[in-house]
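First the structure, in the form of structure tokens, and then the observations on it.
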Amino acid sequence: MMCIDVCRTMGAKAMAANPSFSSGTAILACAAMAVLYVGMLYTPSLLFRLPPARTINEHYIRRFTCSVVASVLASGLCFWLLGSPIDMLRNGDLPAALAVLGIRRDHVATLYPLLLTALLYLGPLVMTALNTDERLEDEAKVEMGFIQGLFTRTRDNVISLTTDIFAWRNYIVGPLTEEWVFRACMVPVLLCAGYSQLKVMLLCPLYFGLAHLNHYWETVYPENRNHKIAALITGFRFAYTTIFGWYAAFLYLRTGHLVAPLVAHIFCNVMGLPAVGDALESPYNKGLGSFICLLNPATSPALYGYMPGQCLPTAS
């Protein structure tokens, strides 16, 4: 069964894939990637019997290493199932193999997804920049305050990367490895197994949300919380990670670029959960309506030289 019909008018290389795996195999493979990603975090203590980390930095450096290893193994599983990327690597065509994971150099998918995501935070960004709840009529002052506030927040977060292990977790290692496994590796496998874009967009976030359920254990024991509170915290975490996963999968499917969900992921981690209720009441925020109106135009595949639903994205 032919999994891809590349649009030649976009200048893409002609590729075809005949995956020899079923839809059930794809589901199990994605589940294995999710279990691998989470389980790998506990291998230092459970498998290698290493003593507990002496510092928080040592703890997270171990986890960073485990996350990277899990990402490499997930890539291997993805490539093994698809077959074609392995042939590309054997032929020395690294760009084409990386394009399967959404790493493409033919188009840039950074600005529009970033600005689109920022619309969800437009109200909080403006209010933070102005540091007041009163409406200012001086539009020049509003604009300058917004720019200065955004610059200050960005500068502080960049500086924190050099010393703050949590910044490395939230803005670099976490987003990169999670998008790599739960979008770049899972989406091509599901598409090549014959799942529609809609089903892929609904399935991948469930794996992403379930992969955060390990926080229940970590909430109960290290933090000494009771089971009811742990369940509430974990349930809330599952809900918002799944919702974000839908958006991230949508960006990936529409643009064919791993960078698109990656920049959205990093930005959301920087800003935290959007205060939608307060934002709707803010006179400065038209962000949510603009986000809804621009969601499709800003992610139009034509902007990114991509044919949506391709089993194997290609590099030109």
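Keep in mind that glycine also has a Cβ here, set from the backbone N, Cα and C atoms.
Copied over from TrEMBL, here are the features:
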type: DOMAIN; residues: 166-271; note: domain 'CAAX prenyl protease 2/Lysostaphin resistance protein A-like'
type: TRANSMEM; residues: 21-40; note: transmembrane segment
type: TRANSMEM; residues: 60-82; note: transmembrane segment
type: TRANSMEM; residues: 111-130; note: transmembrane segment
type: TRANSMEM; residues: 180-208; note: transmembrane segment
type: TRANSMEM; residues: 229-252; note: transmembrane segment
type: TRANSMEM; residues: 258-276; note: transmembrane segment
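Looking at which of 60-82, 180-208, 229-252, 258-276 has the most CB pairs under 8 Å to the transmembrane segment (21-40), the answer is the stretch 180-208. With DSSP states grouped into helix (H, G, I), strand (E, B) and coil, the domain 'CAAX prenyl protease 2/Lysostaphin resistance protein A-like' (166-271) comes out at 90 helix, 0 strand, 16 coil.
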